[in-house]
């Protein structure tokens, strides 16, 4: 009798060991669904993105009208465009929930998996930023101007760096064409990095809600988790379609329906909702370089999570002190997101500064201390 092709064929074997016969902990909850949902988001964004690229013109005189042309004249262009725009929001919702799961259950102790994951977050943020510039509306143009301008805070080479990225002395045609190039290229680097992320994950196997070793109790990925993930996928698609078909512009900025005009600055320049927390931290520091560093560190601080883990237990599941801090951290992020969308005036400035300090205080100081206290409570 010949052996199963699924287990012997060099190519199929990889797929089999990753998605079919993969030994998985029997007790992983729905919080472990987000990895596959992110994969689905990436595929969806790539497909809708390629179809949009077929009809888009990366030129400042054509970009805005080519997007209007897609939504008006292309078959189902309105659907493809709205799914792509709202798919990005969904992508970030899943990313943030996925990272939150990792923080809660101590998944960051798989260092390589965690570090590749944070790298994926940074790549996705870069992709979303350059993508937002492409429709060439007011917020596209001014968002690009403000964010690229932050690089001028780099000592000595700052101004040269900004002009090099712009391809001139302001955000212009050269900027748009290169941003289109990056927006097309980066998702493929994300795919490559995702492979590396999974490679490292499958070296150790998944973590589970208890944070204990689950080698004694593994079940095959298929049919158990393939169907469990399918349920998550159906729910996610239902949510995406509801958003796309009923409230397509709910998360967008009305300013982006006005073509880019370098002579008129919008009253409130702000990024999409998924960057607002970082934008609030950037604005909270009354110094350009300081703000840029705080902005970067607010995300890069995640790289330190494995180093800052002081507890004898892996998850926060059974640690009331750290649990309180974790949920305070989440609430604080929501406050930052709200502040990022508000004008720069009191009381928002003060609230933003307090929330920015808390963001770093909780992660870098309070959580490690809580871990030590909880260890003492155990002994």
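Each residue, glycine too, has its Cβ placed from N, Cα and C.
Keep in mind the model is a prediction, meaning the values are calculated, not measured.
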As Swiss-Prot has it, transmembrane segment corresponds, among 137-157, 158-178, 179-199, to residues 179-199
Looking at 56-77, 78-99, I want to know which stretch Swiss-Prot calls transmembrane segment.
78-99
Quick one: which of 13-33, 34-54 does Swiss-Prot have down as transmembrane segment?
34-54
Looking at 114-134, 261-281, which stretch does Swiss-Prot describe as transmembrane segment?
114-134
What does the structure give for the C-alpha distance between residue 197 (heme b b566 binding site) and residue 84 (heme b b562 binding site)? Integer Å is fine.
24
Go through 84, 183, 197, 202, the listed binding-site residues, and name the one with the sparsest Cβ surroundings, counting other Cβ atoms within 10 Å.
202
For residue 98 (heme b b566 binding site) and residue 202 (ubiquinone binding site), the CA-to-CA distance in whole Å is 17
With a Cβ cut-off under 8 Å, give me the same-chain residues at least six positions beyond the ends of the transmembrane segment (179-199) that come close to it.
18, 39, 42, 45-46, 49, 53, 56, 58, 113, 116-117, 119-120, 123-124, 126-127, 130-131, 133-134, 144
Can you tell me how far the Cα of residue 202 (ubiquinone binding site) sits from the Cα of residue 183 (heme b b562 binding site), in Å?
29
Beyond the flanks of the transmembrane segment (34-54) by 6 or more, those residues with Cβ under 8 Å of it:
70, 80-81, 83-84, 87-88, 90-91, 94-95, 97-98, 101, 183-184, 187, 190-191, 194, 229, 232-233, 236, 240
